[in-house]
Amino acid sequence: MSTLGNHPFVKMNGLGNRIVVVDMRQKPLAISADEARAAAGPDGAPFDQMMALYPAKTPGTDAFVRIYNTDGSEAGACGNGTRCIASLVAKETGKSKMTFETAAGLLDSWPNADGRFTVDMGVPKFAWNEVPLADEFQDTRAIALQIGPIDKPILHSPSVMSMGNPHAIFWVDDVNAYDLSRIGPMLENHPIFPERANISLAQVVSKEHLIVRTWERGAGLTLACGSAACAAAVSAARTRRTGRTVTVTLPGGDLVIEWREKDNHVLMTGPVAYEYEGRFDPKLFAASDAA
Ligand SMILES: N[C@H](CCC[C@H](N)C(=O)O)C(=O)O
């Protein structure tokens with residue numbers, strides 16, 4: 001029997017980033033990549049990320065979370081999804097601060113008076129082997145990577161970092177001037193990124209405002225990617241393009257990102273939207289059952 005057949009789910013979104021939450025805390029069975037892919041299909045609950053809640057491992061945390069992309073691969077962090085699960089757990093427990101554990105570490109989240117949620121995404125990592133990159137680069141604020149003709153590249157010199165998952169940020173004058181659905185997959189799978197990468201275009205509007213579009217590793221074009229907004233904000237501050245607090249406009253709306261001075265933690269604040277609840281049709285998983 002598949003793990004997800006007939007299992008309940010909650011469909012939510014964070015700025016249009018399609019999030020499905022499955023609660024495995026009572027029956028903590030593993031979800032295979034095949035099952036996650038089937039669940040993301042048109043007859044399932046199409047998602048960019050599925051957040052699976054498991055019993056807490058570290059004392060004091062609310063749940064261990066596994067994050068699946070559309071293609072069945074797993075991610076260490078998902079900012080928009082973390083706001084969604086925080087709002088569900090806040091409703092369930094009445095708590096004013098939650099802590100979730102993922103493969104990438106601990107993430108705190110709390111509601112604001114205006115209904116938005118903040119996630120403490122932790123400390124960004126800049127060393128080449130932490131991103132990770134395949135080759136040693138001393139300075140990751142701009143690495144030698146380009147696509148297009150050698151003497152007239154289409155995109156070049158991205159800032160790279162890890163925000164719990166790998167990100168490359170290309171600085172451009174107009175995020176809409178590029179065919180990201182064509183360029184994105186080439187860069188996501190470029191050999192410089194041994195674990196692939198989330199690929200973003202970022203446009204500096206002012207010292208307090210960025211516009212960002214992202215091709216997500218394992219999920220493709222999305223309306224919003226929280227960790228990419230954080231990576232763009234931190235990279236912008238790190239290269240003196242902006243200050244440490246910025247509004248990031250994504251196709252789905254705005255996030256406020258603060259790269260806190262006192263401890264270098266990155267705080268992301270944005271909305272949560274509940275859509276509907278359902279159960280996965282067991283027929284979706286017939287193939288993975290047979291395997
Ligand atoms: N949408 C997510 C990020 C998913 C990252 C995923 N695509 C990966 O790194 O594999 C966010 O709001 O942060």
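Backbone N, Cα and C atoms are what each Cβ position is placed from, and that goes for glycine too.
TrEMBL lists Asn17, Gln49, Asn69, Gly79, Asn80, Asn165, Asn198, Glu216, Arg217, Gly226, Ser227 with the feature substrate binding site. Around Asn198 (substrate binding site), the same-chain residues six or more apart in sequence whose CB sits under 8 Å from its CB are Asn165, Pro166, His167, Ala168, Glu188, Thr214, Trp215, Glu216, Arg217, Cys225, Ser227, Ala228, Ala231, listed in sequence order.
Look at Cys78 (active site): DSSP puts it in coil. The feature active site is assigned by TrEMBL to Cys78.
Applying an 8 A CB threshold to same-chain residues 6+ apart, the list for Cys78 (active site) reads Ile19, Gln49, Met51, Ile67, Gly226, Ser227. Residues or ranges marked as active site, proton donor by TrEMBL: Cys78.
In three-state terms derived from DSSP, Cys225 (active site, proton acceptor) belongs to neither a helical nor a strand segment and is classed as coil. The active site, proton acceptor annotation in TrEMBL covers Cys225.
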- Item | Long-range Cβ environment of Asn69 (substrate binding site), under 8 Å and at least 6 residues apart | Ala36, Asp48, Gln49, Ala75, Glu216, Arg217, Gly218, Ala219
- Message: Just to be sure I understand the packing, how many Cβ atoms besides its own are within 10 Å of the Cβ of Ser227 (substrate binding site)?
- Response: 31
- Query: Which residues, same chain and not among Asn17, Gln49, Asn69, Gly79, Asn80, Asn165, Asn198, Glu216, Arg217, Gly226, Ser227, have a CB within 8 angstroms of the centroid of the CB atoms at the recorded substrate site?
  - Reply: Asp48, Ala75, Ala77, Cys78, Gly81, Thr214, Ala219, Thr222, Cys225, Ala228
